[in-house]
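These come from TrEMBL:
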BINDING   Asp21, Phe22, Asn23, Arg36, His59, Met60, Gly61, Arg62, Arg118, Arg151  substrate binding site
BINDING   Lys201, Glu323, Gly350, Gly351, Asp352, Ser353  ATP binding site
MOD_RES   Ser183  phosphoserine
MOD_RES   Thr299  phosphothreonine
Amino acid sequence: MKKKSIRDLDVKGKKIFCRVDFNVPMNDGTIADDTRIRAALPTIRHLSEHGAMIILASHMGRPKGKVVEELRLAPVAKKLEDLLGKEVRYSEEVIGEDVKEKIAGLKEGDILLLENVRFHPGEEKNDEELAKAFAGLVDLYVNDAFGTAHRAHVSTEGVAKYLPSAAGFLIEKELEVLGNALSDPARPFTAIIGGAKVKDKIGVIDNLLDKVDNLIIGGGLAFTFVKAQGYEIGDSLLEEDKIELAKSFMEKAERNGVKFYLPIDAVVADSFSEKANSQVVDINNISDGWLALDIGPKTADLYRNVIKESNLVIWNGPMGVFEMEPFAQGTNAVAEALAKAGDTYSIIGGGDSARAVEHFGLSDQMDHISTGGGASLEFMEGKDLPGIAALDEK
Ligand SMILES: Nc1ncnc2c1ncn2[C@@H]1O[C@H](COP(=O)(O)OP(=O)(O)O)[C@@H](O)[C@H]1O
Ligand SMILES: O=C(OP(=O)(O)O)[C@H](O)COP(=O)(O)O
């Protein structure tokens with residue numbers, strides 16, 4: 001079902017509650033990466049240029065309903081002001097007298113940023129009273145927080161029940177790119193799934209097996225599959241209770257004609273440390289007491305070739321512990337292969353993979369880097385995202 005867009009709204013002279021995802025990484029009080037703020041600019045500019053009075057709301061971190069000084073949005077207000085080249089007012093309250101006064105002082109085109117919505121205990125409980133209170137302050141609701149669209153909280157879902165609503169440009173773009181990739185994919189279509197948690201990626205692996213031509217597995221989660229193949233994996237990451245499921249995925253791949261790629265060699269270490277002794281071994285040769293922390297060079301070559309021959313690649317989760325230099329090669333190889341494959345449309349599914357691509361300085365060469373890690377995964381699993389489901393239909 002197509003959702004209303006901000007293009008469909010007459011916003012002139014209207015007060016708009018606009019949810020954005022300004023949950024940016026902070027380093028000693030400064031913003032370490034402003035990607036998410038920049039991603040929201042088209043919507044904010046559109047609303048401002050069309051004469052709306054914009055009340056922005058976002059969370060940062062997980063303060064659990066209490067004020068946490070380090071998680072205030074003051075640095076975000078300043079950054080937004082710099083990026084827009086326009087004044088951004090800021091309230092140190094989520095809701096209350098100061099917010100009311102500041103809203104009353106807004107003129108057409110003006111922007112106010114509220115304090116971190118998760119300082120309010122009602123936000124994550126999706127409290128009805130808080131939703132009504134926000135709705136009572138404004139005329140319209142716009143959601144552009146793709147990264148938080150999988151949460152049913154007041155500012156992402158609850159408030160939409162009491163106001164006419166629409167999606168912002170970022171949500172529209174994310175849905176279009178991810179939706180097109182999954183519903184009408186360019187082929188060969190390859191998904192690369194890595195990272196650490198098998199449990200969190202089961203849904204997406206299952207769903208992708210109905211859609212892709214190639215499924216590449218790397219990262220820590222690969223070793224539950226390697227174990228399921230019957231090899232010993234030493235002290236590598238293992239989710240024992242998922243071995244049977246891993247087997248069933250390999251069988252499903254075979255039934256569906258999906259080529260299923262697992263590591264054929266690995267970089268193993270004698271401890272989980274940058275300074276550990278490490279060596280490359282074939283996958284059937286991982287000894288007791290060693291743990292696999294990256295895919296090996298033969299695997300990297302294999303994965304590179306699959307990427308080169310693909311027309312569409314979705315990537316979620318690093319191939320190894322890329323944060324430690326000795327175990328970064330596999331992730332780097334995949335990122336470089338994607339950067340080099342000019343005709344291959346590359347979609348990075350947020351979270352750690354986006355961080356890895358950034359780390360290797362290759363962000364500019366990817367076609368789409370999603371602003372949502374968890375949200376893009378849930379979308380790819382085929383789940384309804386509450387923050388999007390709640391919006392008015394066209
Ligand atoms: N072989 C491995 N063993 C242990 N941890 C790994 C391995 N490969 C990757 N990781 C870790 O997985 C983490 C990312 O996992 P995850 O949260 O599932 O990914 P994402 O955030 O991309 O969804 C990274 O911090 C990385 O160090
Ligand atoms: O950073 C976020 O999610 P992500 O790390 O899955 O991309 C979003 O801002 C959601 O935050 P949350 O997982 O605390 O609800």
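Just so you know, glycine gets a Cβ as well, placed from its N, Cα and C.
What TrEMBL says about a protein is an automatic prediction, not a curated fact.
Predicted, not measured: the structure shown is a model, and the values here were computed from it.
Everything TrEMBL records as a feature, shown here on the structure.
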residue	record	Cβ within 10 Å
Asp21	substrate binding site	27
Asn23	substrate binding site	20
Gly61	substrate binding site	14
Ser183	phosphoserine	8
Lys201	ATP binding site	22
Thr299	phosphothreonine	25
Gly350	ATP binding site	21
Gly351	ATP binding site	20
Asp352	ATP binding site	20
Ser353	ATP binding site	31
Under a criterion of Cβ-Cβ distance under 8 Å and sequence separation of at least 6, what residues of the same chain contact Arg118 (substrate binding site)? His59, Met60, Gly61, Arg62, Pro63, Lys64, Gly65, Leu71, Glu124
Fewest other Cβ within 10 angstroms of its own Cβ, chosen from the binding-site residues His59, Glu323: Glu323
Which recorded positions from the list Asp21, Asn23, Thr299, Gly350 come close to ligand 2, meaning a Cβ under 6 Å from one of its atoms? Asp21, Asn23, Gly350
Determine the binding-site residues, out of Gly61, Arg118, Lys201, lying near ligand 1 in the sense that the CB is under 6 Å from one of its atoms, and give them in sequence order. none
Distance check, please: Cα of Asp21 (substrate binding site) against Cα of Gly351 (ATP binding site), rounded to an integer number of angstrom. 14
Return only the integer: C-alpha distance in Å from Gly350 (ATP binding site) to Ser183 (phosphoserine). 20
Gly351 (ATP binding site) sits from Thr299 (phosphothreonine) (Cα to Cα, rounded, in Å) at a distance of 23
Inter-residue C-alpha distance, Asp352 (ATP binding site) and Asn23 (substrate binding site) (nearest angstrom): 15
Take the C-alpha atoms of Asn23 (substrate binding site) and Ser353 (ATP binding site) and report the distance between them in angstrom, rounded. 17
Can you see whether DSSP assigns Ser353 (ATP binding site) to helix, strand or coil? helix
What is the maximum Cα to Cα distance, in Å and rounded to a whole number, among the residues Lys201, Glu323, Gly350, Gly351, Asp352, Ser353 annotated as binding ATP? 21
